[in-house]
Amino acid sequence: MAAPPAAAAALLVLIALAAAGGVAADGSNHRYKTGDPVPLYANKVGPFHNPSETYRYFDLPFCSPGQSVLISKKVKEKSEALGEVLNGDRLVDAPYKLDFHTDLDSKPVCSKKLTTEDVAKFRNAVAKDYYFQMYYDDLPLWGFIGKVEKGGKTDPREWKYYLYRHIIFDILYNDDRVIEINVHTDQSALVDLTEDKETNVDFLYSVKWKETPTPFEKRMEKYSSSSNLPHHLEVHWFSIINSCVTVLLLTGFLATILMRVLKNDFVKYAHDEEAADDQEESGWKYIHGDVFRFPKNKSLFSAALGTGTQLFVLTTFIFLLALVGVFYPYNRGALFTALVVIYALTSGIAGYMATSFYCQLEGTNWVRNLLLTGCLFCGPLFLTFCFLNTVAIAYSATAALPFGTICVIVLIWTLVTFPLLVLGGIAGKNSKSEFQAPCRTTKYPREIPPLPWYRRTVPQMAMAGFLPFSAIYIELYYIFASVWGHRIYTIYSILFIVFIILLIVTAFITVALTYFQLAAEDHEWWWRSFLCGGSTGFFVYGYCLYYYYARSDMSGFMQTSFFFGYMACICYAFFLMLGMVGFRAALFFVRHIYKSIKCE
């Protein structure tokens, strides 16, 4: 029964390893002799401020390989790994020849007659700040396709639009290896696109080679060095110090509660001393017969815990891979491949945790619980993907996944994710573990006294989410600027520290709010602790609104829908993961305090 999932899992691991090493997957050992051809691929073009809105390089009427005087063949696409396709990469042979250690000066690429439609395409691209991306010997390079001269005028109809027709490649080498490549344009070789009229264009390129002492092993450091600049590091460390202060304040606050309040209560109850109880401080004792009453909608609750646990394990594995250096800059698609593979292989954890906890809560329909667990996160993600992929198809963007890639993902879910989920569910059902409750639950629930407005669920969630969010919001900007911009984020160690702090703050604040809830004799703490723990996800989504309108220049329906659609899925994952952390911390705390008193 387990053989097909095991075989598929092994296949996925091989895919992951291939993707992790996919940067050099073209068979090249990166060593060349003078005059040897070096692979150059054109990837995509798109508006600089809309990172999700990218198009194929030859969607613009550049010189295609068939038109180039250098390469007389049709456009040939490079085979790509799953993660590269998910990342929107669509590599094709570029129309330039950059042979190793061969200088060229104003070499013709092609002579092309731009029709009025071609001119309009290029003008629209220049107006939207289009950039192009290529890979040379697996090193990324970027450049803008043109420029706008406003001349101090505010009316776009009076602006001048120019296309760059001469590209200059500056390449650094060390012995027989390519170390670095930069691209710039000849500002004197411009094509006026302002008017809709046919234009003849001679596209040119130049290549200049220079030697450098930089070793091959350090050629990628250029792309991560911007993250390690002193002023960036200062901000990151300020973020960590801010988070640590928050943790210390919370720890001191909770220590005060535990030492001054609970300790006195434990002493009183342990020694059966005078029964003069302080109602406000020890109100939690009076609901010992209700505090372990199982929550409503226990199937949904168990599914949320199982899914949250899986997402927590997934996040932990991603951090481990990042810390060992798998996700170095421009390792194309490695992160997306890792997310798909690890999510598939950890689905058994979700099935086991959800079903075992559901059976502990005396649930009977474990099959329905298992199906709910499988759909709780994948369902909203799938619906979001369907909508956004349809938008990308309508825009003819590279973010639209090919049918073959969609089939691969469906097969992964069918052959790996779902079988492992079922196996985990069966193991959870057969674990036969009982819920450990130190106090017996009474037959009839105790009535909850009227509570002030600030003790209700929504205000408590607002209080619970604010502190963890305040511990991470500085780091959030850099993550957003990397995912939804062109910054490079490589300081994974600092991000991991911030993640640990986030977990600690979430656990502490949930425990504190659970104590106040029980002190007010409100015994319905199960869902409350989960909602309070996960409420940070709502704050992160609120930050999305701020970032989009105040810190970015993103625009257009496609980019807006991609940003808010996929960020909703990420924040939902945060909600489930941190909700699980909050509930587990609260459950540990509640069990501890009720185990320490004598329940009648």
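From the backbone N, Cα and C atoms, a Cβ is placed for every residue, glycine too.
Look at TrEMBL and you will find 1-25 tagged as signal peptide.
Feature annotation from TrEMBL assigns transmembrane segment to 235-258 (among others). Only residues 6 or more beyond the boundaries of the transmembrane segment (235-258), in the same chain, are considered here, and those with a CB under 8 A from a CB of the stretch are 467, 470-472, 474-475, 478, 491, 494, 497-498, 501-502, 504-505, 508-509, 511-512, 515.
Distant neighbours of the transmembrane segment (303-328): 20, 220, 224, 334-335, 338-339, 342-343, 346-347, 349-355, 357-358, 369, 372-373, 376-377, 490, 492-493, 495-496, 499, 530, 534, 573, 576-581, 583; these residues of the same chain sit at least 6 beyond its ends, with a Cβ under 8 Å from one of its Cβ atoms. Per TrEMBL, the feature transmembrane segment maps to 303-328 (among others).
Through the fold, the transmembrane segment (334-358) approaches residues 9, 12-13, 15-16, 19-20, 22, 81-83, 86-87, 298-299, 302-303, 305-307, 309-310, 313-314, 317-318, 321, 326-327, 366, 369-370, 372-374, 409, 412-413, 416-418, 420-429, 431, 433 of its own chain, all at least 6 residues removed from its boundaries and within a Cβ separation under 8 Å. TrEMBL lists 334-358 (among others) with the feature transmembrane segment.
Sequence-distant neighbours of the transmembrane segment (370-395) (same chain, 6+ residues past either end, Cβ-Cβ under 8 Å): 53, 299-300, 302-304, 306-307, 311, 347, 350-351, 354-355, 401, 406, 413, 417-418, 421-422, 425, 557-558, 561-562, 565-566, 568-569, 572-573, 576. If you look up TrEMBL, you'll see 370-395 (among others) marked as transmembrane segment.
Marked as transmembrane segment by TrEMBL: 401-423 (among others).
Positions annotated as transmembrane segment by TrEMBL: 461-480 (among others).
Within the chain carrying the transmembrane segment (492-518), a Cβ under 8 angstroms from the stretch's Cβ atoms is held by residues 236-237, 239-240, 243-244, 246-247, 250-251, 253-254, 257, 283-284, 287, 291, 315, 319, 322-323, 327, 455, 460, 463-464, 467-468, 471-472, 475, 479, 525, 528-529, 532-533, 536, 578, 581-586, 589-590, all 6 or more beyond its ends. The transmembrane segment annotation in TrEMBL covers 492-518 (among others).
Marked as transmembrane segment by TrEMBL: 530-550 (among others). Sequence-remote contacts of a segment are chain residues at least 6 beyond its ends whose Cβ falls under 8 Å from one of its Cβ atoms, and for the transmembrane segment (530-550) they are 301, 304-305, 308, 457, 460-466, 468-469, 472-473, 476-477, 480, 484, 502, 506-507, 509-510, 513-514, 560, 563-564, 567-568, 570-583, 585-586.
The annotation transmembrane segment is assigned in TrEMBL to 562-590 (among others).
Below 8 angstroms of C-beta separation, residues 227, 232, 235-236, 238-239, 242-243, 246-247, 250, 487, 489, 494-495, 498, 501-502, 505-506, 509-510, 513, 531-533, 535-540, 543-544, 547, 551-552, 578, 582 of the same chain, each at least six residues beyond the ends of the transmembrane segment (461-480), sit close to that stretch. With a cut-off of 8 Å between Cβ atoms, the residues of this chain six or more beyond the transmembrane segment (562-590) that come close are 52-53, 291-292, 304-305, 307-309, 311-312, 315, 376-377, 380-381, 384, 387-388, 391-392, 399, 464, 468, 484, 502-503, 506-508, 510-511, 514-515, 518, 525-526, 529-538, 540-541, 544, 548, 554.
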